[in-house]
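Below is one structure, written out as structure tokens; comments come after it.
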Amino acid sequence: MDFKRRQGPGPGVPPKRARGGLWDEDEPSQFEENLALLEEIEAENRLQEAEEELQLPPQGPAGGQFSTADIDPRWKRPALCALDPNTEPLIFQQLEIDHYVGSAVPLPGGPPTSCNSVPILRAFGVTDEGFSVCCHIHGFAPYFYTPAPPGFGAEHLSDLQRELSTAISRDQRGGKELSGPAVLAIELCSRESMFGYHGHGPSPFLRITLALPRLVAPARRLLEQGIRVPGLGTPSFAPYEANVDFEIRFMVDADIVGCNWLELPAGKYVWRTEKKATQCQLEVDVLWSDVISHPPEGQWQRIAPLRVLSFDIECAGRKGIFPEPERDPVIQICSLGLRWGEPEPFLRLALTLRPCAPILGAKVQSYEREEDLLQAWPNFILAMDPDVITGYNIQNFDLPYLISRAQTLKVDRFPFLGRVTGLRSNIRDSSFQSRQVGRRDSKVVSMVGRVQMDMLQVLLREHKLRSYTLNAVSFHFLGEQKEDVQHSIITDLQNGNEQTRRRLAVYCLRDAFLPLRLLERLMVLVNNVEMARVTGVPLGYLLSRGQQVKVVSQLLRQAMRQGLLMPVVKTEGGEDYTGATVIEPLKGYYDVPIATLDFSSLYPSIMMAHNLCYTTLLRPGAAQKLGLKPDEFIKTPTGDEFVKSSVRKGLLPQILENLLSARKRAKAELAQETDPLRRQVLDGRQLALKVSANSVYGFTGAEVGKLPCLEISQSVTGFGRQMIEKTKQLVESKYTLENGYNANAKVVYGDTDSVMCRFGVSSVAEAMSLGREAANWVSSHFPSPIRLEFEKVYFPYLLISKKRYAGLLFSSQPDTHDRMDCKGLEAVRRDNCPLVANLVTSSLRRILVDRDPDGAVAHAKDVISDLLCNRIDISQLVITKELTRAAADYAGKQAHVELAERMRKRDPGSAPSLGDRVPYVIIGAAKGVAAYMKSEDPLFVLEHSLPIDTQYYLGQQLAKPLLRIFEPILGEGRAESVLLRGDHTRCKTVLTSKVGGLLAFTKRRNCCIGCRSVINHQGAVCEFCQPRESELYQKEVSHLNALEERFSRLWTQCQRCQGSLHEDVICTSRDCPIFYMRKKVRKDLEDQERLLQRFGPPGPEAW
């Protein structure tokens, strides 16, 4: 539903801390250490509580109102075939991996069981036949490393193990008592830190293995504080890989990547037929060392027939108040099921409160009691057993509302929505904050064994749109509109009859269907599966974690093969570095072809070419101390030093080479593949590989990260700046008249990884030829794999300023342009009203496509005239901005923030909340009133006939974008005088407000319709216009007819959109321009009818 409270994505992240190098001399303050200690203790307690909860006695749903007879056999998973664990292997695609604490199980070839609690990993997945699987993986214990202190030998191992185990047990008092030793083993081994090149090879490290994952944090903390070792005093131990999640640690060691296929060999696993812990069809136990992991290549790239469920709910709210689960009932829950790979949903189900008329193609199940309705849905979930659950804003509205409502009504068996028997789905609050998105509060609902893909959260994270309502995104990506029912109307439909409830159910089913369409169209599931495979993390991590865990996983895998360890780095310092180079643009309108040359994967290529990595970094002065020859290391443009690959090949360059070569193979396979499902997988894979390669550089420069390294990130951008400058110099020195070319080439602009070159030729074909030649020639001057490629030609080309340009793009065919490309202009920005984007786009189209600058000027003047004369529809004037912080947290007053506060006072339930985009228009007010005081809700403006501040829109919204476009064509001084002054700006229309101001103290008097003079009676005309009364009446009737015809057209269009030509239009979609037009015309009709009533009833002579 579009009225749901929308809040932003993501789990909470710690407050930002500044970045610093590994070798900073300053020690952290005691206060910072205490804060870190508190944070770790809280994390331990949360993990401990979660593990304890997992051990609660089963209470799963029993009975319920959704009987077996109500279930279509096609909804269920296929019946389980006989499986012999001794002769048949079990092969399945895992979707989610987590862990819990339980009792050990006797397994073939496994160690003897004990009464102590042990960590058990749990992999949920699906077989090729569609059977659901839960695999309990035993025998893997958490561990981390620390350098052995000087003088430490094998004789000290038992003493350290005893001291550390005692210290951890003492530290855990007050919590759950440990049933056995905290430290299982401490071993001596040879490893090397990945941070910096030391030249001495491996050194002694201690591998500390613990009983439970939650003991890693206290063990690390106690070791950092110092542990007594007989004969060595109380040395402090620096932790390595102690901040790695238990699941990631297991997947790295077992060589398992996200969503890959696992094989359990025959005779190595035990099938649980009794005492099952989950609702899965197949539940097995196996040793972690017996699990075979298949790399996602060839036949193992396929995706199992996953079952995807999309759902939506409707609530009956009170008038003007947003639904609250403590008071407002759930009246409908609609669900659609899809088997991945099939074209159509196999399941359409509407659960309704009170009888509902049948719906073609869907099963309708009605209930008289809300408690029965609520119990039926989890029972249906249990029967259908979905692998993936999707919807629109289910994370922040649907799921929390259902769970809270069931709790209010004491439907105790409702919140068992996951696959683990007896484990409740709980709600917890989460907060995410960053410079890019500000602060977003959200909720997280646990549903173990099922992957949640909230399409609103996906779109917020991956796409920048003006509006994120389901209607807006459906129109943007699918080209489809939908009926949008206001929450206050939903109650009226519910209280109507079977047909009105049917209409509500159809609306609800469509709201469940559209997220499925979006999931398929945007390839969200496929892309995330492939990203999980490429980066090696569980699928759930991609949806709830940040970017860094993806690089950490790849880094750990590569490091393990070479005996390298990742240190735990405390980020302290606060340095910054210079970003990429932008060559100063030569602004203007170019009516000649401009060739664009682009560095392919610039930052990854730089890191590979120059061997930039943690493992190759030299400390200041280290090159001399280690006796390195000048040809064995490089000095970067920023003064940092790294050894060359001949001395040591860096980890990051190896990771990048693997990613880019895998992408090349995936693209080659994609070009040959004909099967549409396989093409989707390959396309998702090559995209995941590209994104992963580009994110490695960002990982090294992250302010608060697992392993920040300023030396790498600043060196990369330093080389990038140097290469752009060198490319400019090479192009302009070769392509000259002296060297036999038609003209002297000129680089008109360069930005980060691309340069725009004017070769002085007149045809696109010649520019393409010279562009390819120049790309190959320049590439020969840079080390491999750095490569400059010809990308496209712009003709014509409008260069406005840095990061702002537009042109017709030719990439392959010199005779036909691909599209009109705009960067940084209001045509593609979302922080202006649609009028700006539409006017900029239409003006650019006239300039670039039609080659008619004069026509563009005339069109812009016409639009400005329409604006000043109040002929622009209000939907074109709506500005939307995101509410990223509370009002008190903004440094200055903001228009959308102030409006949100006013709307909260009018109606707290429907007011925008954090993470929402707030639509508003600027209305007219007294001179000197600040713009933030003039923001108002568009619907409120229409209902109360508030005047629009057209001068604001002309001066603050249209003026600068138009001048940016037309100044290169008309000249800086002339553009302003032609566009913003002149006859077209002299005629203005101002509406009279019906509320506020001095109108509260004035008495309204009628005016003559003919001459506008004040009259003292209720009639339509004065005595001087009386002879023309018939003529004036006919004129107003004609105006009324025109309004009625316009309203009928708009009404019919809305009826077609809602799918019924015989029902009232109740849609209130604020993202649809038709809605505002319909509201405006309806109001104009009412005013016109009142005006005609002033003429009085027709006299006898009219008959």
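From the backbone N, Cα and C atoms, a Cβ is placed for every residue, glycine too.
Per Swiss-Prot, these features apply:
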- 1-29: region 'Disordered' (REGION)
- 4-19: motif 'Nuclear localization signal' (MOTIF)
- Arg19: omega-N-methylarginine (MOD_RES)
- Lys570: SUMO2 cross-link (CROSSLNK)
- Cys1008, Cys1011, Cys1022, Cys1025: Zn(2+) binding site (BINDING)
- 1008-1025: zinc finger (ZN_FING)
- 1054-1072: motif 'CysB motif' (MOTIF)
- Cys1054, Cys1057, Cys1067, Cys1072: [4Fe-4S] cluster binding site (BINDING)
For the binding-site residues listed here (Cys1008, Cys1011, Cys1022, Cys1025, Cys1072), which one has the lowest count of neighbouring CB atoms within 10 Å of its own CB?
Cys1011
Cys1067 ([4Fe-4S] cluster binding site) has its Cβ surrounded, within 10 angstroms, by a count of other Cβ atoms equal to 22
Quick one: pull the CA-CA distance for the residue listed as 'SUMO2 cross-link' versus Cys1011 (Zn(2+) binding site), whole Å only.
80
Using all protein chains in view, find how many other C-beta atoms are within 10 Å of the C-beta of Lys570 (SUMO2 cross-link).
15
What are the helix, strand and coil residue counts for the zinc finger (1008-1025) according to DSSP?
0 helix, 1 strand, 17 coil
Rounded to a whole angstrom, what is the C-alpha distance between Cys1067 ([4Fe-4S] cluster binding site) and Cys1025 (Zn(2+) binding site)?
43
Inter-residue Cα distance where the pair is Cys1072 ([4Fe-4S] cluster binding site) and Cys1011 (Zn(2+) binding site), in Å
38
Can you give me the residues near the recorded [4Fe-4S] cluster site, meaning same chain, not Cys1054, Cys1057, Cys1067, Cys1072 themselves, Cβ no more than 8 Å from the center of the site's Cβ atoms?
Gln481, Glu483, Asp484, Gln1053, Gln1058, Val1065, Ser1069, Ile1074, Phe1075, Arg1078
List the helix, strand and coil residue totals of the motif 'CysB motif' (1054-1072) as derived from DSSP.
5 helix, 1 strand, 13 coil
Just to be sure I understand the packing, how many Cβ atoms besides its own are within 10 Å of the Cβ of Cys1054 ([4Fe-4S] cluster binding site)?
21
Spatial neighbour of Cys1057 ([4Fe-4S] cluster binding site) that is closest, considering only the binding-site residues Cys1008, Cys1022, Cys1025 and their CA atoms:
Cys1008
C-alpha of Cys1022 (Zn(2+) binding site) to C-alpha of Cys1054 ([4Fe-4S] cluster binding site): distance in Å?
41
Using a 10 Å radius around its CB, how many other CB atoms surround Cys1057 ([4Fe-4S] cluster binding site)?
19
Spacing of the two Cα atoms, Cys1008 (Zn(2+) binding site) and Cys1054 ([4Fe-4S] cluster binding site), in whole angstrom, works out to 37
Over the motif 'CysB motif' (1054-1072), work out the mean pLDDT and round it to an integer.
73
In whole Å, how far does the CA atom of Cys1025 (Zn(2+) binding site) lie from that of Cys1054 ([4Fe-4S] cluster binding site)?
41
Can you list the residues of the same chain, besides Cys1008, Cys1011, Cys1022, Cys1025, whose Cβ falls within 8 Å of the Zn(2+) site's Cβ centroid?
Ile1009, Gly1010, Arg1012, Ser1013, Ile1015, Val1021, Glu1023, Phe1024
